[in-house]
Structure formats: structure tokens, C-alpha cells
Amino acid sequence: MERFVVTAPPARNRSKTALYVTPLDRVTEFGGELHEDGGKLFCTSCNVVLNHVRKSAISDHLKSKTHTKRKAEFEEQNVRKKQRPLTASLQCNSPAQTEKASVIQDFVKMCLEANIPLEKADHPAVRAFLSRHVKNGGSIPKSDQLRRAYLPDGYENENQLLSSQDC
């Protein structure tokens, strides 16, 4: 009799797994949150291996509190570790840098008005006096740099001042 018993066909065991999905497919799907290494899917900020077959496992991980916490820490670390570009570092004008520039310009202007050659700034006695008695006086460069960098500025400033007085 067993031969004549009709049994129902086996139910299809359809799971919710994608059969032909690779970790690289999930990386392109979820963007910069994930990365693939050695055929495994990793969360970039948590550095945890994720199941690349189940999309729900990935989305649940990305919504979890631990992921959001670690992501914030990861981004904070990246901000601290990033190097500043050289141009940004050079353009940074702190109050000390602006004061230094104004002291040097005033020194060049004083030398020009008193007919003191800029080479006199290289004399050891002048250097000692400036460093002892003038605030930021030790930061005044040698005469060749004064001539190259600061003399043209003083010349332009004086020309503008004279042209504004002539009007």
C-alpha cells in the first residue's frame, strides 16, 4: 500500500538569500560604508566581517547603534589624521605672524626714513639690541631677506600714500 500513497511534492525551501551576489556587488550597492578583502565583506568603520549573501544582515548592521557609534569615532579619527595641505599651513595667519610682519615692516620703514642702510641690521650689536629690547625683535631677518621681501612692500605702500596725498 505504501506504493499508492500520494505524498505532496516537497515544498520549495526558498530562503531569502541571493545566490549569485559577490562581496564586490554589495560594496557597489552600499557605497563607501563597506569594502571587500579576500572575498569577504567588511564594514569599513567597524572592521567587522559581514554576510554578503543576506542584504538584511548588512542593512541591520548599518542601522545598529554600535555601527553609528564606531562610524562617528572613525570619522573623527580620519579628521585628526588628515594632513593639512602645505598651502593651508602657510596661509594660516595667527596674531603672532601678523605682528611679526608689522614689526619687520616698521623696522624697514624706520631704516629708510632715517637713511640707515639695511646692512646695519646684520651687525651683532644691532641684533643683540633688537632681541633684548624690542618685542619680536629677534624675528627680524637678515638684510638680504629684508631687501628682497619687505623693501618692495614698503616702496608700494609709500607710493600709494604719496598718490593719495597728491589728490
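All positions are counted from 1 along the displayed chain.
From the backbone N, Cα and C atoms, a Cβ is placed for every residue, glycine too.
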Motif 'Nuclear localization signal' according to Swiss-Prot, located in which of 35-39, 80-84: 80-84
Counts by DSSP class (helix H/G/I, strand E/B, coil) across the region 'Disordered' (65-86): 18 helix, 0 strand, 4 coil
Length of the line joining the Cα atoms of Ser56 (phosphoserine) and Ser164 (phosphoserine), in Å: 73
